[in-house]
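Just below is one structure, and these are the notes that go with it.
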Amino acid sequence: MVWLVAMTSRQNSLCGLAAHGLWLLGLVFLMDASARPANHSSTRERAANREENEILPPDHLNGVKLEMDGHLNRDFHQEVFLGKDMDGFDEDSEPRRSRRKLMVIFSKVDVNTDRRISAKEMQHWIMEKTAEHFQEAVKENKLHFGAVDPDGDGHVSWDEYKVKFLASKGHNEREIADAIRNHEELKVDEETQEVLENLKGRWYQADNPPADLLLTEDEFLSFLHPEHSRGMLKFMVKEIVRDLDQDGDKQLSLPEFISLPVGTVENQQGQDIDDNWVKDRKKEFEELIDSDHDGIVTMEELENYMDPMNEYNALNEAKQMIAIADENQNHHLEPEEILKYSEFFTGSKLMDYARNVHEEF
């Protein structure tokens, strides 16, 4: 694949980047504007929730453009630009150090060392960072699989998983295990029962033929992270379309995709949030998801859009990311531009003003 080649060439040319990296670091030292990073609490909250519900499929998937509930992934650009380094740009980071780190990243993306980033270079970088998220998910899955496979036989049955899930909900693990073993009716509330039914459907989908309701470690990875399996990605797409499709035609129109979640707007701030929701989803629908621009998104179009290892999508994303900061309209990203638009790339505002950027550089 293209991104593997890029990774190899980048490693081989690391020494050649040293002088280039020092030049970029020198530029950063000229920046002494004070800064206040943006709030990153949503990312930290998700990390905490992930630890509490480690045996549950996460609502958020790093490097995937939609959440499990069909909401846009607000951190997507940072995830595919920073990879595993996302925590390095949180609100507690020292701005000068963060600017230096951002310039180090710039030098790594800039493979040909011409002091600017092309769409192709950004595409290769996005694929590399997405692969990092994949590797991290595999690593976490090994721990999570061990938690639900206490006998270590390399397989987890649906009943074994159900016991662990209900125990995480506060039920007595031994009592639940005995009830299941004796085929007794489980005393759970209606909401928990509904979650169990949804999880069981997902479990069946992750169970590769011949179906035996036993998941291996790889199958359990697909259960938790559908982006790792083409079949599970299709299943995730069907779930999203089912939730958003209002007329039952198994595809999405623009009004269906931008339809607001259930809730009441109580103030102007709430109205602004709703307005931004509609605006952002309309832009995403028309410019990226609806590939043939016929006003309808099919399951195939949505699947292609959500596939994190789709190289064509990565190139489009690279062009879009560059366009956001490309003030001189040369279709490349330059050091001054990435610093000025640091909040878009890192989630943190690393400089408060850019009026005299060129003069300071």
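Every residue gets a Cβ built from N, Cα and C, even glycine.
The domain 'EF-hand' annotation in TrEMBL covers 97-132 (among others).
Taken from TrEMBL, the feature domain 'EF-hand' applies to 136-171 (among others). Sequence-distant neighbours of the domain 'EF-hand' (136-171) (same chain, 6+ residues past either end, Cβ-Cβ under 8 Å): 53-56, 62, 84, 177, 180, 186, 188, 192, 196, 199-200, 203, 213-217, 220-221, 224-225, 228.
The feature domain 'EF-hand' is assigned by TrEMBL to 232-267 (among others). Residues 66, 68-70, 202, 205-206, 222-223, 225-226, 274, 277-278, 281-282, 285-286, 289-290, 295-299, 302-303, 306-307 of the same chain, all 6+ positions outside the domain 'EF-hand' (232-267), place their C-beta atoms under 8 angstroms from a C-beta of that stretch.
Away from its own ends, the domain 'EF-hand' (277-312) comes close to residues 1-3, 63-66, 72, 123, 127, 130, 133-134, 227, 233-234, 236-238, 240-241, 250-254, 257-258, 260, 320 of its chain (Cβ-Cβ under 8 Å, at least six residues beyond either end). Per TrEMBL, domain 'EF-hand' is recorded for 277-312 (among others).
The feature signal peptide is assigned by TrEMBL to 1-35.
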Local confidence of the domain 'EF-hand' (97-132) - pLDDT mean: 95
